[in-house]
Amino acid sequence: MFRRLLIATIVGILAAFAVAGFRHAMLLLEWLFLNNDSGSLVNAATNLSPWRRLLTPALGGLAAGLLLMGWQKFTQQRPHAPTDYMEALQTDGQFDYAASLVKSLASLLVVTSGSAIGREGAMILLAALAASCFAQRFTPRQEWKLWIACGAAAGMAAAYRAPLAGSLFIAEVLFGTMMLASLGPVIISAVVALLISNLINHSDALLYSVQLSVTVQARDYALIISTGVLAGLCGPLLLTLMNACHRGFVSLKLAPPWQLALGGLIVGLLSLFTPAVWGNGYSTVQSFLTAPPLLMIIAGIFLCKLCAVLASSGSGAPGGVFTPTLFIGLAIGMLYGRSLGLWLPDGEEITLLLGLTGMATLLAATTHAPIMSTLMICEMTGEYQLLPGLLIACVIASVISRTLHRDSIYRQHTAKHS
């Protein structure tokens, strides 16, 4: 047992450095190509001329597509192992290391050029790769899947500053394939990754800063639960839209570079209306949580961002949709809150409360992982007073979504690439 805890600690350290390496590479490319040192792609887009804002995501997608197509042609005669940690965990626990690194580099290109895709997906993949590489050299084969799971949880903890949510994400998604006794090393890796990440970044701040002054009352629980019902209906719709957009891009029968470039061009066109469509949505979420906009502003940004996310994911841009899903959930919750605020008092507090609820419940509706979704929002914002209400709402959202759409976003992704 001591050996496992020691390895879990090492995996956590490796994962933290993998996440930090990707984050610093991203900041470097943003500084080189966008003259942006703020870390916010929305700020970068705002400061660019319209024509650069239009073309930058398309050029990034084109470069990533050329890289992926070139690698595919170079290795077409070789046997292929998984390049995704979910696939590796469902097979024999092995990665195609070179292809996974190329995929991460392609993700770096589309992320730094403004595509509306999550950077955290590549971070978690690199963390799992680092764990797998270490495990294959120093541990028996039957443990490889455990250490990949530890690496993925640690990467999630370092990326989102949510070690418990990262651990439970692995447990919920892999329920039935991983015994509860294995959760100990996963938690150790996640916590160590968070601590090392805090040391590297010289900060232990929460991911999102929220000023929620409301004390949750009976009325608020009713609103939270109703938001869960709404998210349970919206989750399957979002998954269906993503699947339809992917099929639409595939039906065009474009070469990968042009397909990714088209997705980037759509993001560029949308950014002419609002720069907020650039990036994974983190800075937009923070601005909404700091000062919730008016109903029509939320609606406009939501529609543009939703189209950008669908274009980016549908075109096959390598990256995650975890953080974009958080923004979509926030916007749905805030739209619901603003609408209720027309009749109820404390409209600002209701909007903020239901925005946070929307983040958790839409995440639960798309991942079918309600416990993880609840803990993630609490860990990212520090609003643990919401935990009881969010847990109920997330379970409701997950049940409704699972009833309407059998596959979660991860099962849908696996089926799409199998």
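Every residue gets a Cβ built from N, Cα and C, even glycine.
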Practice task
Report, based on Swiss-Prot, whether Ser312 and Ser373 occupy the same side of the membrane.
Solution key: yes
Problem - Model confidence over the topological domain 'Cytoplasmic' (401-418), averaged pLDDT - result: 75
Fill in the blank from the handout: DSSP assigns the residues of the topological domain 'Cytoplasmic' (75-145) as 46 helix, 1 strand, 24 coil
Practice task
Taking the transmembrane segment (222-242) as the first stretch and the transmembrane segment (5-25) as the second, find out whether 3 or more Cβ pairs fall under 8 Å, excluding pairs closer than 6 in sequence.
Solution key: no
Fill in the blank from the handout: One stretch in 5-25, 54-74, 146-166, 258-278, 352-372 has more Cβ pairs under 8 Å to the transmembrane segment (316-336) than the rest, namely 352-372
Handout entry: Per Cβ pairs under 8 Å, the stretch of 5-25, 146-166, 258-278, 291-311 packing most closely against the transmembrane segment (380-400)
Key = 146-166
Exercise for the section: For the topological domain 'Periplasmic' (243-257), give the DSSP counts of helix residues, strand residues and coil residues. Expected result: 11 helix, 0 strand, 4 coil
